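Here is what TrEMBL says about this protein:
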type	residues	note
DOMAIN	521-613	domain 'DYW'
REPEAT	104-138	repeat 'PPR'
REPEAT	205-239	repeat 'PPR'
REPEAT	275-305	repeat 'PPR'
REPEAT	306-340	repeat 'PPR'
Amino acid sequence: MHSNQLGRQPSIPTHSPRKHFSFTISTSSCPESPKPYILKKCIALLLSCASSKFKFRQIHAFSIRHGVPLTNPDMGKYLIFTLLSFCSPMSYAHQIFSQIQNPNIFTWNTMIRGYAESENPMPALELYRQMHVSCIEPDTHTYPFLLKAIAKLMDVREGEKVHSIAIRNGFESLVFVQNTLVHMYAACGHAESAHKLFELMPERNLVTWNSVINGYALNGRPNEALTLFREMGLQGVEPDGFTMVSLLSACAELGALALGRRAHVYMVKVGLDGNLHAGNALLDLYAKCGSIRQAHKVFDEMEEKSVVSWTSLIVGLAVNGFGKEALELFKELERQGLMPSEITFVGVLYACSHCGMVDEGFDYFKRMKEEYGIVPKMEHYGCMVDLLGRAGLVKQAYEFIQNMPMQPNAVVWRTLLGACTIHGHLALGEVARAQLLQLEPKHSGDYVLLSNLYASEQRWSDVHKVRRTMLREGVKKTPGHSLVELRNCLHEFVMGDRSHPQTEEIYVKLAEITKLLKLEGYVPHISNVLADIEEEEKETALSYHSEKIAIAFMLINTAAGIPIRVVKNLRVCADCHLAIKLISKVFDREIVVRDRSRFHHFKDGHCSCKDYW
């Protein structure tokens, strides 16, 4: 909305009240003149009708009929306040607002708040600018509402301007203004700025802690979120449902199942297990930590379930290799008469993709459009390309991309390039890479995929050419790392890692593992070492992949029969996949590996993915 629109004076149609208007106002015996008396009565009735939108419209119509002017600041103020209390359209509220002569600060703030809480918060900033034009000074309530709108828009530059104005006007020291500033910086992806402001605050409340913890959790900084949660406990601040959602999100990101379980126990203890949002976060935690039975248990025990609950479990089942169960759950959602969202269908298509259900995937893609009227977005098209690519139908995936009704983004082309690397389609891989050079020319993963594709074809000169280009362009490969949790502490390992205090024990264990696996018939997949070196060197390199080091560490430090859970940031290679299957058999351990794209549940020499990933 442009500022010139704010000055318009739209007319509100006048009409008689309905015949079943349930109250009357008699003015014949009133000592005051009719309009002031009716004005007072209308305001009193407005304050009592927040639960009835229809009654509000009756009062509004009655006030118009009896000549109560909307230009009156008091009448307009209470009309807007009551209107927004039951989430009516902002357009209606703005019509009323535009007719008020000299609206007071309460009215301006109410309108800014209404827009800040709406799906389109941009007009909140326009109103704020109009306030200055009208020489209305902001007060302590203006900034929290305004910053909330800015946080939704993720416009940190605008937020910084408002922050400086709040300082100039002496409002920055107020805790509720500071809280919204922390939230704004965190929501805009500036977690460090949010934490710096948090550290400078002389007074902090639960909202403050929640804002900064959630900021780190949302910005991919789960370790910092967990550190602050522990500090919050030491300060004697009791968490609430919002805190637990942030904590569980951080645990889910890290795969910190033990800490997540402790959070679950705490939730039950303080009665937060009935909180829908916390329940959804708990379900998501167990699903993302590979504990799908526990996720299903949480889902079954939830007194209230939203579409988010159903979607979280559908996705959880899909990525853990239970595609058929995910689709059965979707059918149950439909039987319950619930309306799936576009995100639900991302989960359904994901299930089909990761379980090789090509025909089923296309059926659901068609139903999504025809039965539910959901227009496919880039995520849905990406799932379909992934579905075809994983099944080895790389040419069909390319044709699907060419027929998309929108321009494919980098993720879609990267999905095709990954499929070409796995299935050895060099020509189409180069086509995908050419598109990626235009969209995201410095994405390290694309260089690695193309390099791997050339290496798989023994085209070492092209491999070296790609790597020289990476050096020239300053592109660095994302190093692979694996995380494991032991006694509420996270341990991180990289390939060939020798920084851990137990390094000597770990490498002795790795040698033992290699020896035992070879007795089981293990032959290293040296083709996974995409470098022009001797075969013996390739075998050694494979032994030191980060997930193998992490598993050796856990075998040393945990009792027999205890499941091992590993979180890896990259896709697990074929050699590690084979080796871990055999480790699960030789050491009689269940091993759960969460890689970049899915979960692998290894047990008795088999994997839940059935070697399809």
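Each residue, glycine too, has its Cβ placed from N, Cα and C.
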Q. So, by DSSP, how many helix, strand and coil residues make up the repeat 'PPR' (104-138)?
A. 24 helix, 0 strand, 11 coil
(Q) DSSP on the repeat 'PPR' (306-340): how many residues come out helix, how many strand, how many coil? (A) 26 helix, 0 strand, 9 coil
(Q) When secondary structure is assigned with DSSP, how many helix, strand and coil residues does the repeat 'PPR' (205-239) contain? (A) 26 helix, 0 strand, 9 coil
**Q.** Overall pLDDT of the repeat 'PPR' (104-138), taken as the mean
**A.** 88
Q) Quick one: DSSP breakdown of the repeat 'PPR' (275-305) into helix, strand and coil? A) 23 helix, 0 strand, 8 coil
